[in-house]
Amino acid sequence: MKGSHVFLCLFSVSCCSNLMPTAGNKIFHLGPCRVSMSMTEIRSGFTAIKANIQARDPIRTLSILSYPHSLHKVKSSDRCCITHHLFTFYVDKVFKHCKTEDSYVNRKISSIANSFLSVKRRLGQCHEQNKCTCGQESTEKFKQVLANYAGLNVTSAAIKSLGELDILLDWLEKSP
């Protein structure tokens, strides 16, 4: 009986610690899902390489994320879904193809990718529990992002998407 009390106590502490942000983390309410992420760490990593990455983008007339209304006016009930899709997109497509000859830039990209992977996993858990539903509007918006990405070669699309990371971060922070 004593062991079960210890287990229950440890389990409770573990659950609470997953909900409480650590230093520098911010909790985002994405529909019914709550996700903690270190926006400061992600922003500082991106700021350190932004000029370098954007200078590598030869196509200035096209955008992956800001195609008319790609992320604008997403319903709060769809925020979890589209955020999950976008973080999966960045982890599975963008970061894999953003290698440079500059080791400093590569380390920063790797750090951002690790942060995204952590958030993707947490959103995936919410998605698996059917809390993260995908409406038609969010599905269409994400399809547009994928179409914009597919319109370029893999390396150019990855560099452009990474260069637009501030659009995604701003959207996340401005949302209710």
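The backbone N, Cα and C atoms fix where each Cβ goes, glycine too.
In TrEMBL, Cys81 is paired through a disulphide bond with Cys134, chosen from Cys9, Cys15, Cys16, Cys134. Among the candidates Cys16, Cys33, the disulfide partner that TrEMBL records for Cys126 is Cys33.
Record source TrEMBL places Cys80 in a disulfide bond whose other cysteine, from Cys98, Cys132, is Cys132. All protein chains considered, the CB of Cys33 (disulfide bond) has 20 other CB atoms within 10 Å.
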